[in-house]
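J.: Pasting a structure here, questions to come.
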Amino acid sequence: MTIIPKERKQRKNKQVADEKAPLLPSKHQEEEFDEFNGGSYTGAVFNLSTTIVGAGIMALPATMKVLGLVPGILMIVFMAFLTECSIEMLLRFSKAGKTVSYGELMGETFGKYGRIALQACVVVNNVGVLIVYMIIIGDVISGTSASGTHHSGILEGWFGVHWWNGRFFVLLFTTLGVFAPLACLKRVDSLRYTSALSVALAVVFVIITAGITIVKLINGSIAMPRLIPEVPNLTSVWNLFTVVPVLVTAYICHYNVHPINNELEVPSQIQSIVRSSLALCSTVYVTTSFFGFLLFGDSTLDDVLANFDTNLGIPYSSLLNDAVRVSYALHLMLVFPIIFFALRLNMDGLLFPTAGPLSLDNKRFAMISTGLIAIVFVGANFIPSIWDAFQFTGATAAVCIGFIFPAAITLKDPHRVATRKDKIISIFMIVLAVFSNLVAIYSDAYALIKKNSSSPVS
């Protein structure tokens, strides 16, 4: 996990000790441990896959428009390989130092401030991600006019405009009826069923997109897609680099690897679980990118979901559009708790670094959970510039979590277990992450300045 762990479990396959807890657990703790025999392999794969596949899936088809199909697909596969390398490094160093969380490993390597830096990055990243998820859910279900043009939401299209399908009420109902109950679960393994359903809904989106594409291919209404990028001028070369941040952050899941591992019945399975999750997500990413770009071609928008707001040119187009949007909104609702789980533990680590296990303190658990849910809700409803802010902070925090921190641990090599190959890969990861950050910051700043300069002065 991303904090010095406060929940350590003792099982026949693995013993985990809390440095702040007594050497022997209390009777209450023993009873809590006895009723949980460890997480399953399948549940762990779904939880880690759900951590990876969030809103980013909708941005990947647009990367194909810039890079072309062949380089784009190769980049998706390459980033999965690089992510696997970074997670393997974290797990290897954790094993060598007998640490059971990402935060504890950072603390062991770089001291208190290393741990705090990681916790702060996870909090910033996850708060931003969850606010964006809630904004998207509101846009899909109740509609939006943020771009100046009104796009009807699902409920508005079905029932017309009413007070109960307005944005505020929809998000309030979703928060109280879906997010809050799921946020009350204290174990990551408890989310395995919602995670499985979340992955299934992502697959539903892929199947619908593939089906529409195949129908249009049979009709002959799809043109040959661009296989390689077009670079007629210097601006086109720069555009190639603007997709790097999307690809670099596509597989960020590092903050949930340790808590999933800590709950496994057979902890030695974690490497296989990571590979299975990355393989599953890579398949979803590649098929989404391939069929999404094949379907919409050069008309592919930055968020491909927006392409499903128009006539697809096939029978039952409106029904299929609604099916895509409903499945995607439900998918994000079920991704929310797995991201929130890491956010709550890291916030607890920042606010109460010397307190006991969070799961055993119901008052603290409820206070942090309620506060964080309220922050996300307010951010999604009342802060119009929140998306612009997290375009900067989100990309920076995500690449630190996924690549800069694992690479820095490997280069410092506190236990002398890193190979020459590890250090070469680590240097490459840092260069890629820094470059990705610079590109993201520059492109976002340029877009923001251009947007403000083109706005009419009142």
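From the backbone N, Cα and C atoms, a Cβ is placed for every residue, glycine too.
Here's the feature list from TrEMBL:
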type	residues	note
REGION	1-24	region 'Disordered'
DOMAIN	39-443	domain 'Amino acid transporter transmembrane'
TRANSMEM	44-63	transmembrane segment
TRANSMEM	69-91	transmembrane segment
TRANSMEM	116-137	transmembrane segment
TRANSMEM	168-185	transmembrane segment
TRANSMEM	197-218	transmembrane segment
TRANSMEM	238-257	transmembrane segment
TRANSMEM	278-297	transmembrane segment
TRANSMEM	326-345	transmembrane segment
TRANSMEM	365-383	transmembrane segment
TRANSMEM	389-412	transmembrane segment
TRANSMEM	424-449	transmembrane segment
J.: Does the structure show the transmembrane segment (69-91) and the transmembrane segment (278-297) touching, where I'm treating 3 or more Cβ pairs under 8 angstroms (sequence separation 6 or more) as a contact?
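T.: Counting Cβ pairs under 8 Å, at least 3, so yes.
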J.: Counting Cβ pairs under 8 Å that sit 6 or more residues apart, are there three or more between the transmembrane segment (278-297) and the transmembrane segment (197-218)?
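T.: Between the transmembrane segment (197-218) and the transmembrane segment (278-297), which are separate recorded stretches, there is contact, as judged by 3 or more close Cβ pairs.
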J.: Can you tell me which parts of the same chain pack against the transmembrane segment (116-137), counting only residues 6+ beyond its ends and a CB-CB cutoff under 8 A?
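T.: Long-range Cβ neighbours of the transmembrane segment (116-137): 2-3, 54-55, 102-103, 106, 110, 170-171, 174-175, 252, 255, 305, 329, 332-333, 335-336, 339-340, 342-343, 346-347, 349-350, 372, 375-377, 379-380, 386-387, 389-390, 393-394, 397-398, 400-401, 405.
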J.: Count the Cβ pairs between the transmembrane segment (238-257) and the transmembrane segment (44-63) that lie under 8 angstroms and are 6 or more residues apart in sequence, then report whether there are at least 3.
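T.: Yes, the stretches contact each other.
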J.: May I ask for the residues of the chain that lie six or more residues beyond the transmembrane segment (197-218) and have a Cβ under 8 Å from a Cβ within it?
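T.: Contacts of the transmembrane segment (197-218) (Cβ under 8 Å, skipping residues fewer than 6 from its ends): 46, 49-50, 53, 57, 280, 284, 287-288, 291-292, 294-295, 312-314, 320, 323-324, 327-328, 330-331, 334-335, 338.
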J.: Taking the transmembrane segment (326-345) as the reference, which of 44-63, 365-383, 389-412, 424-449 gives the largest number of Cβ pairs under 8 angstroms?
T.: 44-63
J.: With the transmembrane segment (389-412) as the reference, which stretch in 44-63, 365-383, 424-449 has the largest tally of C-beta pairs below 8 Å?
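T.: Ranked by Cβ pairs under 8 Å, first place goes to 424-449.
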J.: Under an 8 Å Cβ to Cβ limit, what residues of the same chain, 6 or more beyond the ends of the transmembrane segment (365-383), are close to it?
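T.: For the transmembrane segment (365-383), the nonlocal Cβ contacts are 127, 130-131, 134-135, 138, 167-168, 171-172, 175, 179-180, 183-184, 186, 340, 343-344, 347-348, 351, 358-359.
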